[in-house]
Amino acid sequence: MAISVAASSSVAVIVPRVPAISTRCSAVPYLPPRSFGRSSFTVPLKLVSGNGLQKVELMKTRASSEDTSSIDTNELITDLKEKWDGLENKSTVLVYGGGAIVAVWLSSIVVGAINSVPLLPKVMELVGLGYTGWFVYRYLLFKSSRKELAEDIESLKKKIAGSE
């Protein structure tokens, strides 16, 4: 019995200190669990006060059943089939497409290698920032240079389209 008395006398009660008056708003967004059957989405706001957590709904959005921007997949597939059948050199298109994929893959490898060098990414950022500043000064700042840029773009479009 002496052991139980000694154990009970060493128990301490710790009460957390919580301000009773202050209320603050949590800036962390709350995302509800995703359910596919519901057609509404609620964004609650968490308020933390002295007596616990409260949720307040700020915005409630309902999905509409209007199909204003629907894409007809059958029409898209038939259009692509017509364009593919209209091509004369299908092997050339496949070679160019494969070459584009390989070029993107290689550029990804090069960018990854550059990014692994310690100071080089920051130097490249500065080069990009300098070029952006020069481009804005050269082509976008003054009205006459904007017209010159528009003319250059139009001539490039004509060259690509083959009408020049």
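Glycine is no exception: its Cβ is also placed from the backbone N, Cα and C atoms.
Computed from a predicted structure; not experimentally measured.
Annotated features in TrEMBL:
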DOMAIN    79-162  domain 'Cyanobacterial aminoacyl-tRNA synthetase CAAD'
TRANSMEM  93-117  transmembrane segment
TRANSMEM  123-141  transmembrane segment
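The domain 'Cyanobacterial aminoacyl-tRNA synthetase CAAD' (79-162): residue composition by secondary structure is 75 helix, 0 strand, 9 coil, according to DSSP. For the domain 'Cyanobacterial aminoacyl-tRNA synthetase CAAD' (79-162), the model gives a mean pLDDT of 92.
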